[in-house]
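A short worksheet on the structure shown next.
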Amino acid sequence: MRKIIIPIITILLIALDQLSKLWIVKHIELNQIKEFIPNIVSLTYLRNYGAAFSILQNQQWLFTLITIFVVCVAIIYLMKHINGSYWLLISLTLIISGGLGNFIDRLRLGYVVDMVHLDFINFAIFNVADSYLTIGIICLMIALWKEESNGNHN
């Protein structure tokens, strides 16, 4: 059952990321900021030619190689551990979805669409795929910690 559910969830997560970016591009002009939840979140449309949180600008070839490598490793690890813990499956699904969501932008547009601006903190503008990656890495750390504390060293 997991072999069916996980690809479906991955496709749905990528679709949500791509639809959110499409909506932003259609409804907000480049570099314009629109208040979404007052004093908490604004939406904007930025073109990010770098990595997550706009680091390493204009290094598309590097991000393409890194993304292909990370996504392939995550897929292989997921397939080998398909019966693993839910934390592990969630983390890898989020990492794969986030990596592919931004990869699609890079291939299609030459940049990644970023849109979420946190008004209450000075933080980089990011997108849904970046959120998947961040949450996925946190879940992976939890999965590895739980595995370590249970003495399960596969």
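Including glycine, each Cβ sits where the backbone N, Cα and C put it.
Taken verbatim from Swiss-Prot:
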type	residues	note
ACT_SITE	Asp114	active site
ACT_SITE	Asp130	active site
TRANSMEM	4-24	transmembrane segment
TRANSMEM	62-82	transmembrane segment
TRANSMEM	84-104	transmembrane segment
TRANSMEM	125-145	transmembrane segment
*asked:* Measuring Cα to Cα, how far is Asp130 (active site) from Asp114 (active site) in Å?
replied: 9
_Contact set, same chain, for the transmembrane segment (84-104): CB under 8 Å, 6 or more residues outside the stretch_ = 2, 6, 9-10, 13-14, 17-18, 52, 63-64, 67-68, 70-71, 74-75, 77-78, 112, 127-140, 142-143, 146-147
*Candidate with the highest Cβ count within 10 Å, taken from the active-site residues Asp114, Asp130*: Asp114
